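Noted in Swiss-Prot for the protein shown:
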| type | residues | note |
| --- | --- | --- |
| REGION | 1-54 | region 'Disordered' |
| MOTIF | 28-32 | motif 'TOS motif' |
| DOMAIN | 91-352 | domain 'Protein kinase' |
| BINDING | 97, 98, 99, 100, 101, 102, 103, 104, 105, 123 | ATP binding site |
| ACT_SITE | 218 | active site, proton acceptor |
| DOMAIN | 353-423 | domain 'AGC-kinase C-terminal' |
| MOD_RES | 394 | phosphoserine |
| REGION | 424-527 | region 'Autoinhibitory domain' |
| MOD_RES | 434 | phosphoserine |
| MOD_RES | 441 | phosphoserine |
| MOD_RES | 447 | phosphoserine |
| MOD_RES | 452 | phosphoserine |
| MOD_RES | 516 | N6-acetyllysine |
């Protein structure tokens, strides 16, 4: 029987297969600092005299030349400074990247405010579909909160999150390299050095999640994206389980069967060691063209995972064979990575002996595959079944009641990098200290983000009183969030502006799908 692949495309809409998650709390707001320099009455009086002198030809204690003045256009944007309110109309639809049971994923361009002109992926989820099931709602919250909390070079970045009366919107970085699955589909199998690179970057992402008490639980080629340089980015955090530290287990039956650890199938309780089994299954898939245990149907696949011997092709090196055996141990306690060293145990294996981990984390190691892209908007690495469709975000005409909308309070988010850019853009610091400083209005910069209680989407009872944990330093921006207004209106919003596909100066056909993988594992294009 042919395996049905969850074909949601880029950043798939959550597929809540018996998932579990916990609600969280915490609201963040913008606080304005006190004026930098209000000035004394004497200074104001002196300023008044200065103005009088300027009215008479600039004669007086200050001679002001034009080189000391800064010109800028007076507009609504420059006068009403501060973070913009993000809404669907801020984005122009470019292409469809994927579809799922809960909504669509679009390639979009921001057309207003900060990041104007930049390309993103916009994940649109229908509230009415999500609230039908409590677990679906909880896992939507969990995915959004994990994306907010986790910042790492090999994990997708959340830029904005906002909502309307009937929809949730996640604005993510656009990863133009497409899915790792597409590369496997095209190449058939990877050489060991190629697989080593991808597995090393993935192991660093998994290790970072585990440090935060998060189990990923859905590692497979479809959930591994590549950026424009070819580096790995983990996506789709709907199956993650939080607050799983040493000694803690969970019992949810979830994941994709071919990559699922035996302890999940047996429902005997599992911990972060399941991710290392999945890494082994993924490694086997990369090197042989299929996962280690597959059957004609779901039951036979499960039986093989629980009972069958691992068959290793003779062409694999001794290091690859040894790593596969240690990752695919059915006894979770003896599995490589299950010990206190976690990712460090896996990374110390001789298979990774040529990896410089510091340079890898800094993304200084050249990827084995670099996408050939014609422009920032290039979608050639994505399935043309989706990209050739006309992008349409249906009108928001299914608004929930006010009580039903309460579960989505606190969904809104703005990435700290965006807040910093807004702060820098509107600082208007003079290059030369000018007398205008004494007579103009003082600047009011945006203050650092502060905690405040009362939100349903935070991270536990202590979130409102404790300082946010300082993240591990990576070669990227640090974490932080910003709460903005939540739209609860039941009014229907107009559809987003549409750009027709295959338009513009850059038009490139998707690469041909060379079907080298086994028939039952090939991409199922039926929705």
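Positions of Cβ are set from backbone N, Cα and C atoms, glycine also.
Feature map: Swiss-Prot annotations on the structure.
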residue: 97; record: ATP binding site; DSSP (3 states): strand
residue: 103; record: ATP binding site; DSSP (3 states): strand
residue: 218; record: active site, proton acceptor; DSSP (3 states): coil
residue: 394; record: phosphoserine; DSSP (3 states): coil
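In this structure, the recorded positions 97, 103, 105, 218, 394 were compared by how many other Cβ atoms lie within 10 Å of their Cβ, and the smallest count belongs to 394. Between the CA atoms of residue 394 (phosphoserine) and residue 103 (ATP binding site) there is a gap of 10 Å. If you measure from the Cα atom of residue 103 (ATP binding site) to that of residue 218 (active site, proton acceptor), you get 20 Å. With DSSP states grouped into helix (H, G, I), strand (E, B) and coil, the domain 'AGC-kinase C-terminal' (353-423) comes out at 24 helix, 2 strand, 45 coil. In this structure, the CA atom of residue 97 (ATP binding site) is 20 Å away from the CA atom of residue 218 (active site, proton acceptor).
Rounded to a whole number, the distance between the Cα atoms of residue 218 (active site, proton acceptor) and residue 99 (ATP binding site) is 18 Å.
Looking just at the domain 'AGC-kinase C-terminal' (353-423), the mean pLDDT is 84.
Counting Cβ atoms from all protein chains shown, residue 99 (ATP binding site) has 18 others lying within 10 Å of its own Cβ.
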